[in-house]
Amino acid sequence: MNSIISDFKYEETLDTDLASKSIILLGRVKDQQAIVTLEKVAFSLDGAKDISALGLLEIEEQDHNDVYFKGVGTMAQNLDRPATKINIIYPATETHIKKYRQQKKRVVLETPELYQKIVLPYISSMRGDRIKWVYNILHEGYEADRVLLRDDDPVNGFVLLPDLKWDLVSLSSLYFVAIVMRNDIASLRDLNSSHIPYLTLLREQILIAIKDKYGLDRSQLLLYIHYQPSYYHFHIHVTHIDLERRGSSFSILLDNVIDQLQFLGPEGFLQSTFSYFIKENHDLWAKGFALEK
Ligand code: G7M
């Protein structure tokens, strides 16, 4: 990672997210494109008795009106108390760059027919090598030191591990992802009533594992699925309720998925119509929904 950052030649800013205080940069390392994301680490006083744990150093008051004070401060930082999280994609493909570039969004209405015509071919093109990182976690021992729970059963098995987005420190921004072993579920559309016992078991195992390790109750956790996801291999997001949901236009809570499947029967979500938004440069918009009008 060090050598990638030191060789990184900045070209442009793809996006900035003021709310989560992050910036996404596009540049080159040697002759290949790279995307670097820098995100300020969340404040955390987990378990500490006083605010010295925050590491505030110098403080300067800038303004003051009645009971309202405003100022700036510096904070101690080192690798145990880092100021930023860094994610790099290198080499980055055009699909990665599209995904991270700030774009106008469009609302789409995905009927069962448009799913078959536009979305299913797109999903097929997004399997294989693009989800290599998933197979690395499932079968090649990647990120093994962080795995909270692993069950290798080819049907019911899964790996529960911290999502890339979690800083691994702050409990209130806890973010896990449960990636399943089976590869016959590409998205929400592939779920039907036969999956109810499977999903119910998955939910219980995830909740118990998080409770045992972090003491968080099911009422403090959000378990949900994205549609469209970025990666078409079934996975469940597990976050602390305090964490603002980001990234995807449409997410559905696992509890609601399980409940709806009881009514949807063996056809499952294949007959549903979904409304969600996607970026204008997303292939599903540019090469799909935009041409339907
Ligand atoms: O939007 P979608 O449902 O496809 O979300 C995929 C999730 O996987 C996101 O929350 C990503 O942050 C997470 N993720 C992506 N990659 C490439 C990795 C990775 O290499 N390791 C881990 N632990 N999480 C990842």
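Placed from the backbone N, Cα and C atoms, the Cβ positions cover glycine too.
Taken straight from TrEMBL:
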| type | residues | note |
| --- | --- | --- |
| ACT_SITE | His235 | active site, nucleophile |
| BINDING | Trp133, Glu143, Asp163, Lys165, 226-237 | substrate binding site |
Reduced DSSP assignment, Trp133 (substrate binding site): helix
Trp133, Tyr232, Phe234 as binding-site residues, winner by CB count within 10 A: Phe234
For Ile236 (substrate binding site), the number of other Cβ atoms found within 10 Å of its own Cβ: 21
Secondary-structure category, per DSSP, in which His235 (active site, nucleophile) falls: strand
For His235 (active site, nucleophile), the one of Trp133, Asp163, His226, Gln228 that lies nearest, given that the binding-site residues are compared by Cα: His226
Binding-site residues listed as Gln228, Ser230, least Cβ neighbours within 10 Å: Ser230
For His235 (active site, nucleophile), the number of other Cβ atoms found within 10 Å of its own Cβ: 22
